[in-house]
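**Student:** Pasting the relevant annotations from Swiss-Prot:
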BINDING   D30, D75, D212  Mg(2+) 3 binding site
BINDING   D30, S45, D75  Mg(2+) 4 binding site
BINDING   T46, D47, D122  Mg(2+) 1 binding site
BINDING   D47, D75  Mg(2+) 2 binding site
BINDING   H54, E263, F319  substrate binding site
BINDING   G121, D122, R146, S214  ATP binding site
BINDING   D215  Mg(2+) 5 binding site
Amino acid sequence: MEYNEFEIISKFFKNHQKKDKNQIKGIGDDSALIKIPKNNLLAISTDTLVEGKHFLKNITPKDLAYKSVAVNLSDLAAMGAKPTWITLSITMPKSDSVWLKSFSKSFFKILNKYKLNLIGGDTNSGPLSITLSIYGLIEGKNALLRGNAKNGDLIYITGNLGESAAGLSLLQKKTFLKNVKICNYLIKKHLKPIPRISEGIALRNIANAAIDISDGLISDLGHILKNSKCGADINLNTIPISKILTDNFKIDEYLNWALNSGEDYELCFTISKKNIKKLNVAIKKKIIKCTCIGYITSAEKGLNLIQNQKKIIFKKSGFNHFI
């Protein structure tokens, strides 16, 4: 069964949540009205996901809904923001009720998990794409930024790198593994990334600079270095790569995935040495799991990769939306 724009909004996206105390007006008027709490900054991020470019054509609506929200949440995590509101715009070839029901159910499930309220959006006809704008609050003025890294800072990564790329390679049938359990694990890492919201909030009073790894470590760390006017030395022997990857793939494969492939949605951040004790407290409390991979240097030294105490040549890569 097909629906028009207003029927889609009414049936699948309106009145699924209670308004929060700062939401004056949500879906149903020309604009949403929200009140920003005193002494808070509002962080805003927008992402568009296009079929065939950002997600595979055979992705289920359930997985698409989850991932579209998760990748936006990751941007808030990189700023140290607490998720609050979201808008959704869907462009789709036809208003398939079965597809919409599955999508909206998964969509509200992740929204409720992270206490996000849908406050508006749009629907249109055309090739499948999802556009989300997400809003988060930051108490005080301690937002995490890309441009605050300092010479001498230590560089850390949360979690492990490369598993999402391995999962995508399996989905695209570029890579094959006999172990079904491992295949399913890696595919899930690609389809259902975990945004590091609590880690980002905890890092507000610890880190100098941060970014989420959406386009690959080399590419995204490069944004920190460019914005901070710094260089970096990275020890490849300390890059956090899971035993699943090291046991099942060649070193060239998993190192390339870890360095150049995106969609891990882990956080890369820098801290001054004086804040190591604060970070260790967060690690001990299991708020953050992270690995030190190098340190910030002066801009003229550039970005250097060190392996077994030797500088190696590498190709700067990463995901590019216009290739």
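Each residue, glycine too, has its Cβ placed from N, Cα and C.
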**Student:** Within a 10 Å radius around the Cβ, which one of these binding-site residues has the most neighbouring Cβ atoms: D47, D212?
**Tutor:** D212
**Student:** Write down the Cα-Cα distance for D75 (Mg(2+) 3 binding site) and T46 (Mg(2+) 1 binding site), rounded and given in Å.
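**Tutor:** Distance (Cα to Cα, whole Å): 9 Å.
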**Student:** Sort out the sequence-distant neighbours of D75 (Mg(2+) 3 binding site) for me: same chain, 6+ apart, CB within less than 8 Å of its CB, listed by position.
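**Tutor:** Same-chain residues close to D75 (Mg(2+) 3 binding site) (Cβ under 8 Å, separated by 6 or more) are S45, D47, I134, D212.
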**Student:** Taking Cα atoms as reference points, rank the binding-site residues D30, H54, D122, D215, E263 by distance from R146 (ATP binding site) and give the first.
**Tutor:** D215
**Student:** Hey, what's the Cβ neighbour count for E263 (substrate binding site) at 10 Å?
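**Tutor:** By my count, 22.
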**Student:** Provide, as an integer number of angstrom, the distance between the C-alpha atoms of E263 (substrate binding site) and D30 (Mg(2+) 3 binding site).
**Tutor:** 34
**Student:** With Cβ-Cβ distance below 8 Å and at least 6 positions apart along the chain, what are the contacts of G121 (ATP binding site)? List them in sequence order.
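**Tutor:** Same-chain residues close to G121 (ATP binding site) (Cβ under 8 Å, separated by 6 or more) are I9, F13, I27, T87, L88, S89, I90.
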**Student:** If you compare CA-to-CA distances from D215 (Mg(2+) 5 binding site) to each of the binding-site residues D30, H54, D122, which comes out shortest?
**Tutor:** H54
**Student:** Give the sequence-ordered list of residues that share a chain with H54 (substrate binding site), lie 6 or more positions from it, and have CB atoms under 8 Å from its CB.
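**Tutor:** For H54 (substrate binding site), the qualifying residues are T48.
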**Student:** Test of understanding: give the count of other CB atoms lying within 10 angstroms of the CB of S214 (ATP binding site).
**Tutor:** 21
**Student:** Please identify which of S45, T46 has the densest Cβ environment, defined as other Cβ atoms within 10 Å, among these binding-site residues.
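**Tutor:** Checking each of S45, T46, the winner is S45.
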**Student:** Can you tell me the CA-to-CA distance separating D30 (Mg(2+) 3 binding site) and D122 (Mg(2+) 1 binding site), as a whole number of Å?
**Tutor:** 11
**Student:** Rounded to the nearest Å, what's the C-alpha distance separating S214 (ATP binding site) and D122 (Mg(2+) 1 binding site)? Just drop the number here, would you?
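**Tutor:** Approximately 26 Å lies between the Cα of S214 (ATP binding site) and that of D122 (Mg(2+) 1 binding site).
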**Student:** Would you pick out, from the binding-site residues D30, D122, D215, the residue whose Cβ has the largest number of other Cβ atoms within 10 Å?
**Tutor:** D215
**Student:** With every protein chain in view, what's the tally of Cβ atoms within 10 Å of the Cβ of R146 (ATP binding site), excluding that atom itself?
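**Tutor:** So the Cβ neighbour count for R146 (ATP binding site) comes to 20.
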